[in-house]
There are 4 protein chains.
Amino acid sequence: MPIAKVTRISASAPDDVAGLETAIARGDIRPEGILAIFGKTEGNGCVNDFSRGFAAQSLGAMLERHVGAAAREVCLVMSGGTEGGLSPHWLVLERGEGMAEPGPALAIGRAHTAALAPEHLGRMGQVEQVADAVRRAMAAADIADPHAVHFVQVKCPLLTAARIGAAQARGASVATTDTLKSMGLSRAASALGIALALGEVAHGDLADAAIGTDAGLWSGRASCSSGIELMGHEVVVLGMSPVWSGRLAIAHGVMADAIDVAPVKAALAALGLSPDGAGDQIVVLAKAEASRSGAIRGRRHTMLDDSDISATRHARAFVGGVLAGLVGHTELYVSGGAEHQGPDGGGPVALIAPRPL
Amino acid sequence: MPIAKVTRISASAPDDVAGLETAIARGDIRPEGILAIFGKTEGNGCVNDFSRGFAAQSLGAMLERHVGAAAREVCLVMSGGTEGGLSPHWLVLERGEGMAEPGPALAIGRAHTAALAPEHLGRMGQVEQVADAVRRAMAAADIADPHAVHFVQVKCPLLTAARIGAAQARGASVATTDTLKSMGLSRAASALGIALALGEVAHGDLADAAIGTDAGLWSGRASCSSGIELMGHEVVVLGMSPVWSGRLAIAHGVMADAIDVAPVKAALAALGLSPDGAGDQIVVLAKAEASRSGAIRGRRHTMLDDSDISATRHARAFVGGVLAGLVGHTELYVSGGAEHQGPDGGGPVALIAPRPL
Amino acid sequence: MPIAKVTRISASAPDDVAGLETAIARGDIRPEGILAIFGKTEGNGCVNDFSRGFAAQSLGAMLERHVGAAAREVCLVMSGGTEGGLSPHWLVLERGEGMAEPGPALAIGRAHTAALAPEHLGRMGQVEQVADAVRRAMAAADIADPHAVHFVQVKCPLLTAARIGAAQARGASVATTDTLKSMGLSRAASALGIALALGEVAHGDLADAAIGTDAGLWSGRASCSSGIELMGHEVVVLGMSPVWSGRLAIAHGVMADAIDVAPVKAALAALGLSPDGAGDQIVVLAKAEASRSGAIRGRRHTMLDDSDISATRHARAFVGGVLAGLVGHTELYVSGGAEHQGPDGGGPVALIAPRPL
Amino acid sequence: MPIAKVTRISASAPDDVAGLETAIARGDIRPEGILAIFGKTEGNGCVNDFSRGFAAQSLGAMLERHVGAAAREVCLVMSGGTEGGLSPHWLVLERGEGMAEPGPALAIGRAHTAALAPEHLGRMGQVEQVADAVRRAMAAADIADPHAVHFVQVKCPLLTAARIGAAQARGASVATTDTLKSMGLSRAASALGIALALGEVAHGDLADAAIGTDAGLWSGRASCSSGIELMGHEVVVLGMSPVWSGRLAIAHGVMADAIDVAPVKAALAALGLSPDGAGDQIVVLAKAEASRSGAIRGRRHTMLDDSDISATRHARAFVGGVLAGLVGHTELYVSGGAEHQGPDGGGPVALIAPRPL
């Protein structure tokens, strides 16, 4: 029976793979079983955050030493920004086999897509392609019921001048010629692809014009990041499967705003954990964002008007505090940039923890 | 009987006194009764934060229109920095008279000191002077028992080149010739003066050499800020007095680290409030600081290594999130720079709320 | 005969008006003659720069003490941002009368406009209104020939939610409902209004759709800033007039990119100054901007990709260095935000200096 | 005869080694001849600048593919910070052999030192060790006369908790237990080592107490950076040698303050270049720093008081502008952190260019 393993390892720098090496040397992590590594690195999480590329290069070289070319299959999702008290760390997602407590238990599935045609980026073509990949990743995780999916991480491509030119040479038009905007559009279409696959939005509600604009459409389980290094998509689905075994379980909630702790407490309770001091072993995956309204429960915030610190950095620090106060530690995977990933100013929070004995 | 009134007013900008004007026009605030105004303004809270001076100039001009030269007696404490979701606001502290629910109730006392001789700044002379003023402010608030004091705000002076020169011309030596360092030393000596007056440290444990260096000495109720605009000190004491009446009460706790919510929950309980959703009416006064150890509960934080954002800004955003998640709103007076004001990485939190009926 | 006087005064803080008070007390500045004060203040020059408002409040109160309600006629243009070695200072522009060296000499003219209807902001209606005001300010400066105009400063309004609502209630549509974008559109339309009045663009080349978009249309003498505090426009024209007398003269050049010093050297030469060490008395008014192309002479710059420091701050620091290296001092009025104010990545530079005897 | 070759290559990102690969593939660079690569990378140049490590990792892996273990001998000096219009690039310093124009010509010498005992860091022991290495690097460059040395780059170690502990376990004391301060002390001692070797300071003027404190002691040709990755020192000397041949020459000047262009113009003239538009081929190596006095030629600067942008970033942007305005391009190696490397607020500038035919 498949068993999911999630190992959280502190990182002393973006290129600190020593902790992973030690865990592998000890046999705590089996490198062949690694499906994905999520990393919280200490850059600014914005355009010029080189801590992500540095981490990915370091992890890739380390994996290659262990598993050779298969290292390229591992999905490396680096999220920059450990503002406030957040602590840099790696989350190693592993699929093992063996006998353990019977499920349902945490299950991990992965899927890759073909290269996305540039003219489909930020449009329904991308939505459909991602939705299809989410369904395949669910199948890989032995999850049939969309309600049993609690978190979907997608890495998606962006447009470059070269890709735009190639499309235009074929007579195709692209959604935007602004490469920075293409990142947001790609995340937006990917999030809606997740929402579609999970039944959170209906196909009839979606259209090219809604992508990136209609804030009423969102997934409560999506987390998307775009990167220049890939042409297709990498999809990681986390959910509960009756086929999988092991002690880990996952639950999620959707914060309606930046201080909305009730859904997180409910998710803690669903995992059998106390809302007061969930403990050090819990893994937290969350999205944070400054509300476009400029207010939290009617009180003005200044995140969008601060020309010295980007709003995403403010939001991660603040929501990081909200969540750390709840769970009692600071190694939380809180990421920003949340188009269609939760409601405006709020966002999805997934929790992974061992089931109580 | 004296009645304390605390009015929290949202500010749309550092010079936005319209809310105060409206409250005065409506009779909700009696300008003659204003003892102090604390302001949370949206600058960086560091050296070049002009939002504080802008706010103080705007408030001062407004008060002068209402009460003339008496405006200069009002203690204006502007704390810069509304990082994360924190919301700019004013806290108007007022002393009224009348018949109300019998006490003990929130009491407010204020004291000024004579000009501090520059050679005493950051030394025992300042400690003693502040301790004396705290005792006088306690008397003004009709508080005899130091345990009934829950928050003490001190505005203290700093050294300038001119003040240093004047002392040296008299043959006196100063604790530092670095004007920026003198700000920290002045806050440090003031905090120890508060600790001394409240019995939190013994006189025998204090010495010039301990000021600013011995992190083991601290007050759990001190909040200090230094400013160039004054030569002496302004002290505001908040506590519970049997002589005062009215519905307001105050309690406090000391966070041991940035995510230590238990003492805050205890203070909420002491006020008869639920730890889940304390509600919009609660006033929060807190100090936040990045731990010098570089870690929170053993997990590395990156606040001290971030050359793009000062550690105090990170800390306010993060602790602001911790507290906002607890109390349910974002108009919190969270300030930084916490020499001897709580333990390393933690800090005092005072809460003011109406007593349950 | 009118005589222009320009007094440059160092500022130790945004509210430091002591230097102006001293100059007035000495008789060096006659407060009744002040037409405008330009200030370089030490904020970030972006959205949350409160150093500008603080300076304007301080200057306004000071002027009111001297000239009463007439203080409101003085055009106060505060430009935030003294990055790099730039030094905060005031430029007091004064009109005197008397006998002096015969002209042509520096002349200063000022004009105000009526309130701009919100539906005209960022559109041809604003262009026309500004062009008309520039012509009136030229007349006030006794300048008939547009070629004799070397610098035009315009303060222009922006849209607020209230102003947008008022227009829409009347059935009128506005150019944008985004208040931040309205600032850029207002500067853009104002710059094109200047260009139109000075004959730099033809009326037939202008249209609503070109405002803020057609980078090929620009003025080499425009400097525009938008502010919430006014509904109409304030226009200050600086040029050479045969009617004015006095020793001051003005010249200008247009930098084609951020390191294009040749036009500045030519302007220095036009004033009879050496290109090597122009000297401390020279007044410099310049616009700086990061090129949208992402390059300077084919070499990539990183200003637009830096999520820690806004591009305008980078550009002021850098162009400030270019110009300070040329003229030999750092009290330069270098401002950012240059829609239609010079070519992409370059900008106008005006120089004021005494004519050689 | 040895021939020095300096190839400047634009970098599109910290890990962009494509330009070097192309130059090697074309035969323009012979990898075996590379002595050092200096890189200007686009991080913040401060504590958390990961662009440097990312670049060094990328360059190291590239070199290893070409020359194997010999890659470790190449001195990689990554300087973070391309503020203002500065442009990221690599400077590849190569030693070739062949027949060319007879010298004197640019010569390059390199030396490594043994590991520095931690108790010597920031003290005379380090000064002596660096001075000795500079002399050896001069010998390697066939330079006998210290006046013929125009630039010395030193990479030096820092203290870590482990290194401090090792020293203390042996009963040795270290100059500081603050690891950040140890970086500055190491640069300071290294710069004085250079000054000693070049005869810029006398041995009798040096003492432990002067290191990092006596601003009157400095080298006009030193550039030092400290890094955690080495225990000893790497020294690169650039100067003129009669033994070397080739077209390249080097000259230098020392800016007395941030806008002191005269010494740079003199160095341009010494190379036979016009001070107006030196041209794209010139290589510039410079140090930039905010003056501790807080002023430039008596005018206040705000670099040291800006809590949003570190002073080194301001200084690089500004001095970058001063120099780019002079030489006419923006691929300048301007680095910060200048203890004993030029006078306060000023710094050394070295220029490399082909000798006129």
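Including glycine, each Cβ sits where the backbone N, Cα and C put it.
When secondary structure is read from DSSP and collapsed to three states, D:LYS155 (active site) falls in the strand class. Within 10 Å of the C-beta of D:LYS155 (active site) there are 25 other C-beta atoms, taking all protein chains into account. Annotated active site per TrEMBL: D:LYS155, in sequence order.
When other Cβ atoms within 10 Å of the Cβ of D:SER225 (active site, nucleophile) are tallied across all protein chains shown, the result is 21. In the three-state DSSP classification, D:SER225 (active site, nucleophile) falls within a strand. What TrEMBL records for D:SER225 is active site, nucleophile.
Per TrEMBL, substrate binding site is recorded for D:ARG52, D:SER79, D:GLY80, D:ARG187, D:SER225, D:SER226, D:ARG316, D:SER335, D:GLY336.
The Cβ neighbour count for D:GLY342 (Mg(2+) binding site), using a 10 Å radius over every protein chain in view, is 25. Feature annotation from TrEMBL assigns Mg(2+) binding site to D:GLU289, D:ALA338, D:GLN341, D:GLY342, D:PRO343, D:GLY346.
Secondary structure of the region 'RU A' (D:1-99) per DSSP (helix as H, G, I; strand as E, B; remaining residues coil): 36 helix, 32 strand, 31 coil. Summarising the annotation, TrEMBL assigns region 'RU A' to D:1-99.
The feature region 'RU B' is assigned by TrEMBL to D:105-242.
Averaged across the region 'RU C' (D:248-357), the predicted model reaches a pLDDT of 94. Taken from TrEMBL, the feature region 'RU C' covers D:248-357.
Taking the Cβ of D:THR312 (site 'Important for substrate specificity') as centre and 10 Å as the limit, one finds 23 other Cβ atoms among all the protein chains shown. Annotated site 'Important for substrate specificity' per TrEMBL: D:THR312, in sequence order.
The shortest Cα-Cα distance between D:SER225 (active site, nucleophile) and any of the recorded positions D:ARG52, D:GLY80, D:LYS155, D:THR312, D:GLY336 is the one to D:LYS155. The recorded positions shown are D:ARG52, D:GLY80, D:LYS155, D:THR312; of these, the one with its CA atom nearest the CA of D:GLY342 (Mg(2+) binding site) is D:THR312. Of all Cβ atoms in the shown protein chains, 30 besides its own fall within 10 Å of the Cβ of D:GLY80 (substrate binding site). With respect to Cβ neighbours within 10 Å, the binding-site residues D:GLY336, D:PRO343, D:GLY346 differ, and D:PRO343 shows the lowest count. Take the binding-site residues D:ARG52, D:ARG316: by the count of other Cβ atoms within 10 Å of each Cβ, the lowest one is D:ARG52. Around the Cβ of D:ALA338 (Mg(2+) binding site), a 10 Å sphere holds 27 further Cβ atoms from the protein chains shown. Only D:GLU289, D:GLY336, from the binding-site residues D:ARG52, D:GLU289, D:GLY336, D:PRO343, D:GLY346, place their Cα within 10 Å of the Cα belonging to D:THR312 (site 'Important for substrate specificity'). Rounded to the nearest whole angstrom, the C-alpha distance between D:ARG52 (substrate binding site) and D:LYS155 (active site) is 13. Residue density at D:GLU289 (Mg(2+) binding site): 25 other Cβ atoms are found within 10 A of its Cβ, drawing on all protein chains shown.
Spatial neighbours are here defined as Cα atoms within 10 angstroms of one another, and by that definition D:ARG316 (substrate binding site) has no neighbours among the recorded positions D:LYS155, D:PRO343, D:GLY346. All protein chains shown were included, and the count of other CB atoms within 10 Å of the CB of D:GLN341 (Mg(2+) binding site) stands at 30. Here D:GLY336 (substrate binding site) is positioned 6 angstrom away from D:GLU289 (Mg(2+) binding site), judged by their C-alpha atoms. Cα spacing between D:LYS155 (active site) and D:ALA338 (Mg(2+) binding site): 13 Å, rounded to the nearest whole number. The two recorded residues D:ALA338 (Mg(2+) binding site) and D:GLY80 (substrate binding site) have their Cα atoms spaced 14 Å from each other.
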